[in-house]
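Here is what TrEMBL records for this protein:
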- 623, 624, 625, 626, 627, 628, 629, 630: ATP binding site (BINDING)
- 697-713: domain 'DNA mismatch repair proteins mutS family' (DOMAIN)
- 804-848: region 'Disordered' (REGION)
- 804-818: compositional bias 'Acidic residues' (COMPBIAS)
- 825-836: compositional bias 'Basic and acidic residues' (COMPBIAS)
Ligand code: ADP
């Protein structure tokens, strides 16, 4: 344990110095956090906590000695704390920051300290600790009573409530559903921290994917207490009881982390939402489509590809749109309308985007303002943004399609004027030291400042006046912080000093004096300065309070600015990457010249492909490894997601349905499934899909059933296709290595075949990356071997073996005369057992050819990457060539 009070100090508790005793008390109180204890210019940690802080932050430890013993200590410099706090948060520590809550200069003895803020990975509000373009959420899961469960879900998991909040922006929402719903929703929210109620087992229930889990005071999860808490923010009646519990408990936690000052001022709204009202993407789909994270070596995500936003507000909005594409056709089309208008109006778009470049992060600013943490510079930044708003409105004025957008931008002129009248243009960061408020803003302040100014003028004139009066021509008037104003006379001139001079300080070559009038003026100036500083601070906090009172309007503006930025970004991406506006229609997925938005950017010769999938069609996609199957299938899914998010799509033209869910299972063989066999995971994912897909879903499945024996795998794949087609009626793309599945196209009305082929040019195999109707050649594995230049006898022999095996497979199943002897692939040659039963055949083989065949037999195709396959083929070919 590195959190809590150090054992060594607890042992000597009664002997500790008062300061260390204070440390131990606070460390005990915040025993699940690393206590950072303000001493002078450092946040200190002691004993084992110091060891850990020093390790994580790469700081030096020191030994601190007092009468009670020696303690290891380590300190984080307060002025430069952010980067160290960031490291501790990365290492998943909660941090309790204990500040001095009394002015040390006004206290005799020990300064009182208290924990002013608890920082956890999910409740960070400090700009320096937050990523700008994304949200940092803390989520909370609460479990309903069995009564709720029976009423709502009739489901044995019971009902769960889920709430999330971004404490930096005040965005807060809650929902409720089954365990599976909550898991899916959590994958979308991707919180940095997950708070769990009693009875919720984050690990066992697969809830906290990469989030740190926090168990907090169970009493805040008591339904009545939680509802009570929520009441300060929203009407609990609008929520399912479990959602109200989750939201109330979450807000209790967020308040506590912010120092427990009562309700969070910038959380103006807790939204109730139903995840089913947006296009659902579960964790597997988010991962497989690489929306926000790459895996398996990809270098860009869909988000990166589209992100042409200019400000943090827009960046977070675009992320949210991709995370929750719409289901409502009208809303989708209204986004498309706006994107189209921006795409067509290049000048307007560029002007607006330039202006957006100046937009300050209004959402986080509201957070700081309401917490009383915003400084004068923040207010000036708000002012600068408010100044840009009328210009943005002007730029939008000429485009009728953007009129609604323009109207949503409230320029908050009253607030802008107030800030401008109050705060100087380039204020200092420190708001307690004056220089913040403009002259003319407040009569009292002007008067006090006038007094100080007059006094200073009098002092400024004093030097010449006194030189004249005393005849001391090198007499100086000066000021220092310790002694105040003085008149300095060198030792040689001391006899000329008049009687009204009182000695203040003796230096080596001179003496310093003051006069009663100078003293009086000094008191007046310093008093006025101090009063002015105090007054300025008061005036500043008053103006900040005025801004805080407009939190909702600023949030409304932030929302509108975010929309404008996200739409202009989508238009920019559409123009620069040559996307087309999709037409929406329920008939199916029809794309001309579709491209994969991410792959096309790194693949210089990307081959566009068409898609023709009437609603309810299952397309079986065949072709060798590396021929482009999975890229194609993902591009279709991405087109649908993009369209519903409001974006144009990478295609020449597209007519797309509004789907309820996109299911994907692609590239799972590249996944390192934590602890679970790949096959088990694959089957779980398949279960989810077959359970939940509807006739309005788009299903993209890559190589189902590869992780098990061929016979089983083939059977599972076939049954899945049949189920998709016969029972679910989903529109689907289904890539398979099991070639005999392609027969289904003859048997089922809406099953089609699509294939990707390869050719040989010179000595090289070339993948055309072109989707063509029909199934791939039956034994394309052997064909690829031929294309790669494996000598004829081997290819022929391989073909014969394929045929022979197909026959052998067919024999015991006499009832199945339809089985096509040519439908075997190199996959099947991998079966070592079958290999042993084969005869030598009728072709005369050289040793090298025999070895090649043996090597081919040993290949476990299911466990071979495309690269390994190519290398192996290359090796075999070499071996054969050497033999000639
Ligand atoms: P498969 O799923 O058939 O094994 P992939 O879809 O993974 O094949 O594609 C293999 C590689 O081929 C990709 O990494 C990509 O670089 C390239 N590729 C795929 N589709 C295309 C295309 N339409 N045009 C150009 N290159 C492509």
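Keep in mind that glycine also has a Cβ here, set from the backbone N, Cα and C atoms.
In TrEMBL, annotation is done automatically, which means it is predicted and not curated.
Cβ-based neighbour count (10 Å, all protein chains) for residue 627 (ATP binding site) stands at 25. Among the binding-site residues 624, 627, 629, 630, the residues whose Cβ sits under 6 Å from any atom of ligand 1 are 627, 629, 630. Listed in sequence order, 621, 622, 623, 702, 735, 756 are the same-chain residues six or more apart from residue 629 (ATP binding site) with CB atoms under 8 A from its CB. Neighbour count (other Cβ atoms within 10 Å of the Cβ, all protein chains): 19 for residue 626 (ATP binding site).
For residue 623 (ATP binding site), the Cβ neighbour count at a 10 Å cut-off comes to 27, with all displayed protein chains included.
According to DSSP, the domain 'DNA mismatch repair proteins mutS family' (697-713) comprises 4 helix, 5 strand, 8 coil. A 10 Å cutoff on Cβ-Cβ distances gives residue 630 (ATP binding site) a total of 21 other Cβ atoms nearby, all chains included.
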